[in-house]
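Remarks on the structure that follows.
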Amino acid sequence: MTEEKAEEKNKMASVFLPALGGVAVCGGTHGNELSGVYLVQEMERQRKERGDGVWPIPVTTVLSNPRAVKECRRYIDTDMNRCFSKAVLSTPITDSSPYEVRRAQELNNLLGVKGSDDVMDMICDLHNTTSNMGLTLIHYSASDWVTLHICKYLQTKITKVPVRVLVLDFPINDAYNLESVSKHGFTLEVGPQPQGVVRADIYVIMKEAVDLTIDWIHKFNSGTVFEGGDVEVFKFIKSVDYPRDPETRNLTAAVHPQLQDRDFCLLKRGDPLFLSFSGETVTCEEEEPLHPFFINEGAYYEKGIAFHLAKKWTLTVPSVQVQTTNSA
């Protein structure tokens, strides 16, 4: 293929997308995940000192769950990051409604009603995990080219920790996380960090990811062409609980030392999963190799989850650039 034909092919492969009106940066969806709480507060301080011009694009900052933040708890009544499905957002509010359901509906109205034309273009929801996951971007669609290109951009720029992409691939109406309210939302999950603690190194990684997201949006809106290519993603398959006593439901084992802190490793049949409190090893019985993540996450004990399992895929994303009058 000649150079001219190759260039023409690449040009034809480009996808033209509308400019992005801005981003909502949300912290404190879980009130004891403090990197996002302090980053949102710092961004609000910068805006107060320097005005909206501190960023090259419109940025909305949101402290998502202020009551939980004040009490440094994950939530008050129920996990708010499970309250953004269409069903929950349309639930009538009564005197007995959980605080987080009320707040989720407030945020839905603040950021644009989920599924409407006026919804926020992008939500970046900030989270910490006690698991050793580095920086993980979590979103709902394997065909959202904007989000995948931002993931790809962060992977090229951030070198201090692994940057991975996790796709949940749920129907958007069933998607229950805050970022699902927007057109191109994702969660930034950074760890390990204990609940109720802020670590400087983890905070810095989160801040760099937010700054780079804003930078990507500004460049995209300004006409930069982002070349396509392959993106390695992990797709959620299922959750695994701890071994339990069948009568009391108490745990009978902990995550095996050979698995602990090895999020996204390749897990094969026969590999150690758990070490029972009586000293026996429980091994993996999966038929195909999978990748565990959120290993021994502190917040998941109440949910009956020791870790999730994912399958690794390679997605090919097209080149993208902003849609203009000439390209429309």
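From the backbone N, Cα and C atoms, a Cβ is placed for every residue, glycine too.
Zn(2+) binding, as stated in Swiss-Prot, involves HIS30, GLU33; the candidate among HIS127, HIS139 given for that site is HIS127. The Cα of ASN81 (substrate binding site) lies closest to that of HIS30, out of the binding-site residues HIS30, GLU33, HIS127. One way to see the shell of the substrate site is to take the Cβ centroid of ARG74, ASN81, ARG82, GLU189, TYR300; the remaining same-chain residues with a Cβ within 8 Å of it are THR29, HIS30, ASP79, HIS127, ALA299.
Excluding HIS30, GLU33, HIS127 themselves, the residues of that chain whose CB lies within 8 A of the CB mean position for the Zn(2+) site are, in sequence, GLY28, THR29, ASN32, GLY36, ARG74, ASN81, LEU126, ASN128, THR129, ALA299. Each of the binding-site residues GLU33, GLU189 was scored by the number of other CB atoms within 10 Å of its CB, and the largest score is that of GLU33. Non-local contacts of TYR300 (substrate binding site) by the CB criterion (under 8 A, 6+ apart in sequence, same chain) comprise PHE294, ALA306. Distance from the CA of ARG82 (substrate binding site) to the CA of HIS127 (Zn(2+) binding site) is 14 Å.
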